[in-house]
Each structure stands twice: as structure tokens, then as C-alpha cells.
Amino acid sequence: MSFFKKIFSKEKKETLDKGLEKTKSSFFSKLSKAVAGKAKVDDDVLDNLEEVLVSSDVGVETTLKIIDRIEERVSRDKYLGTDELNQILREEIAGLLSETNTGDETDFIIPVNTKPYVLMVVGVNGVGKTTTIGKLASQFKKKGLKVVLGAADTFRAAAIDQLQVWADRTDVPIVRQEMGSDPASVAYDTVQSGVNQGADVIIIDTAGRLHNKVNLMNELTKIKRVMQKVVPDAPHDVLLVLDGSTGQNAFEQAKQFTKATEVTSLAVTKLDGTAKGGVVIGISDQFQIPVKYIGVGEGIDDLQVFNKHEFVDSFFK
Ligand SMILES: Nc1nc2c(ncn2[C@@H]2O[C@H](COP(=O)(O)OP(=O)(O)O)[C@@H](O)[C@H]2O)c(=O)[nH]1
Ligand SMILES: [Mg+2]
């Protein structure tokens with residue numbers, strides 16, 4: 001299989017291991033309590049395991065799938081020991097994720113024949129959109145790609161300034177207007193400017209005010225429409241950013257946003273410093289939208305391309 005051929009960089013693995021530390025320690029301490037005093041996997045252990053998975057934010061549906069699979073194994077092998085549970089869980093979670101088309105990439109890439117590649121970033125305030133854009137700009141730039149940023153979150157002056165900080169930090173051009181200006185107008189200018197500059201990647205930051213879904217929907221539709229005047233098939237990717245530390249709330253936001261606009265990929269941020277890293281397993285299993293990136297810290301290099309094999313590997317190490 002292809003993933004055996006891929007070599008994961010040592011630094012990437014270390015960052016991921018560190019980012020998942022809290023999730024792991026919480027998960028495995030719950031797991032050891034769940035099997036305490038039990039030599040074999042029986043109904044009690046399965047019930048406890050279900051609780052462990054749900055309370056680790058894997059999500060109810062995905063948890064039930066995992067439990068079903070383990071039940072099947074138990075019915076085949078009545079004397080399945082609890083000491084094997086780790087390995088079994090690992091296999092079943094890996095198997096589950098393998099059925100989704102998410103998490104196969106190992107590197108930051110964009111399609112070769114799409115220039116400029118227009119990426120529109122959406123999500124509610126505070127989830128990490130601007131930070132993710134800054135990190136992406138840095139990664140794409142490292143690949144020698146020309147990046148242009150657009151500050152179409154015009155509702156807060158701080159939002160524009162923050163993108164400016166990332167533009168300066170990554171030495172990437174930014175297109176901005178005053179606070180309160182029309183986001184679609186900023187998006188249009190950015191795409192136009194990107195085309196003029198021969199940009200490879202154009203990344204548009206947006207405001208996500210979920211409390212007014214109709215407005216949000218209209219606004220995102222308008223942004224898309226004006227960009228298409230310049231690049232007819234833009235945006236090539238609509239990336240929804242979700243804050244992993246909010247657990248089930250991230251699932252809810254994904255549901256809401258996919259109703260408001262067509263989302264083509266997901267980024268799950270703030271997996272460091274939270275015990276809710278299980279959301280990534282649930283989200284990759286449940287949404288028909290690939291999880292492309294995970295945020296594992298505030299630093300410029302703390303964004304990773306989500307790879308399910310690396311993730312499971314790091315989790316069960
Ligand atoms: N620990 C951690 N913090 C993050 C991550 N991504 C973003 N943040 C922080 O989350 C806060 C909000 O991020 P921001 O990019 O402004 O969110 P936006 O409102 O969606 O644009 C900032 O303090 C970021 O530093 C991450 O992966 N890990
Ligand atoms: Mg922002």
C-alpha cells in the first residue's frame with residue numbers, strides 16, 4: 001500500500017505527538033479505568049469503552065461504528081483479552097478511517113494545472129482562520145509558490161490587522177481595504193491583483209457570523225460570484241476551519257456551514273492543549289468532506305497536512 005512508501009518527517013511526527021499529548025493521556029487513562037480488573041473484553045468493557053470514546057469527542061455515530069466492529073471480533077473470539085484492546089482499537093480506527101477518502105496526503109500541495117488556485121477560508125470567529133491562512137502562506141511559499149492574501153473579513157479592524165501581521169511575517173502581498181468595506185469587493189480586488197501578479201495561490205480570509213445564517217450565505221455566495229468574474233472556476237477550494245478544542249460544537253459548526261455554503265475541505269485547529277483530539281476521528285468518518293489540515297499550535301509551522309496513518313500512528317504509539 002502507498003502509505004508504506006511514504007516517509008514521515010521526524011519533525012512533523014514530533015509536533016503531532018506533542019500536539020496530541022493531552023488527548024492521548026486523557027484517552028488512555030480513561031481506557032485503563034474502563035478495563036481495570038477485567039481480563040477479557042466483555043459487555044461491561046464494551047459499555048465502558050463506548051463511554052470513553054464518546055467522552056473523547058469521537059462522536060456518537062463513529063463510536064457506535066467502532067463498538068460494533070469490536071463486538072464482532074469479540075463474538076468471534078470470546079476470550080479476547082483486555083491487554084489486546086489497544087491494538088484492536090488501533091486496527092479498527094485505522095480501518096474505519098481507511099474507508100473515507102480523507103487524510104491520504106502527506107504534503108502541502110495544490111493541483112498543478114490550476115493557476116491561480118483560489119482558496120476561500122470560512123468559519124466562525126476565533127476558530128483560527130487567519131492563523132491557518134498565515135501558516136498555509138508560509139508552507140506554500142516554502143514550496144516556491146507565489147501567494148497573495150485577501151483580507152475579506154472586514155468586520156473587525158483587528159481581523160484585517162491580524163492578516164497583515166501574517167502577510168508581513170511570511171513576506172507575502174496582501175490586498176486590504178478599510179474596515180467595514182464590502183468583503184466581496186476585497187475578494188474581487190485580491191483575485192484581480194493575484195492574476196496581475198501571476199500568483200499561484202490566492203487565499204481569501206472571510207468573516208463567519210453564524211448567528212445570521214441567511215446573511216452569511218448571501219455574503220459567501222456574493223464573494224464567490226465576484227471572484228468568478230475574474231477566475232471563472234474560483235474558488236477551487238472552500239476550506240472550513242473548525243476549532244477542535246470545542247469538541248461536539250465543531251461537528252455542529254460543520255453541519256451549519258455546509259448548509260450555508262458548499263464546503264470542499266476542512267481544517268481542525270487547536271488540537272494541542274485539548275483532550276478533544278478525538279474529534280478528528282469522528283469528523284473524518286462522518287463528513288463527506290476531507291479533513292485536509294490540522295492545527296497543532298500557534299506557531300507558523302504548527303499546521304500539518306492531515307494524514308490518517310500518521311494520526312493513528314501517533315495516537316496509539
Ligand atoms: N493552540 C493553538 N492556537 C491556535 C491554533 N490555531 C489558531 N490558534 C489561536 O486561536 C486564536 C484565534 O485565531 P484566529 O486565526 O484569529 O481566528 P479567526 O477569528 O478564525 O481568524 C488565536 O489566538 C490563535 O493564535 C492552533 O492550532 N493551536
Ligand atoms: Mg481572523
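Note that Cβ sites are derived from N, Cα and C of the backbone, with glycine treated the same way.
Feature annotations, courtesy of TrEMBL:
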BINDING   123-130, 205-209, 269-272  GTP binding site
DOMAIN    290-303  domain 'SRP54-type proteins GTP-binding'
**Study point:** Neighbourhood of LEU271 (GTP binding site), C-beta criterion under 8 angstroms, separation at least six
**Key:** GLY19, LEU20, THR23, GLY244, SER245, GLY277, VAL280, ILE294, GLY295, VAL296
Check your understanding: Near GLY126 (GTP binding site), which residues of its own chain have a C-beta under 8 A away, given they sit six or more steps off in sequence?
Key -> ASP243
Check your understanding: Near ligand 1, which of the binding-site residues GLY126, LYS129, THR206, ARG209 are found, taking a Cβ distance under 6 A to any of its atoms?
Key -> GLY126, LYS129
Point to revise | Per-residue Cβ crowding (10 Å cut-off), top of binding-site residues LYS129, ARG209 | key: LYS129
**Study point:** Listed binding-site residues with Cβ under 6 Å from ligand 2, out of GLY123, GLY126, LYS129, THR206, ARG209, LEU271
**Key:** LYS129
Revision key, fill the gap. Taking all protein chains shown into account, the Cβ-based neighbour count within 10 Å for THR206 (GTP binding site) is 26
Point to revise | In the chain carrying GLY123 (GTP binding site), residues 6 or more apart in sequence that have Cβ under 8 angstroms from it | key: LYS129, GLY208, LEU240, VAL241, LEU242, GLN253, PHE257
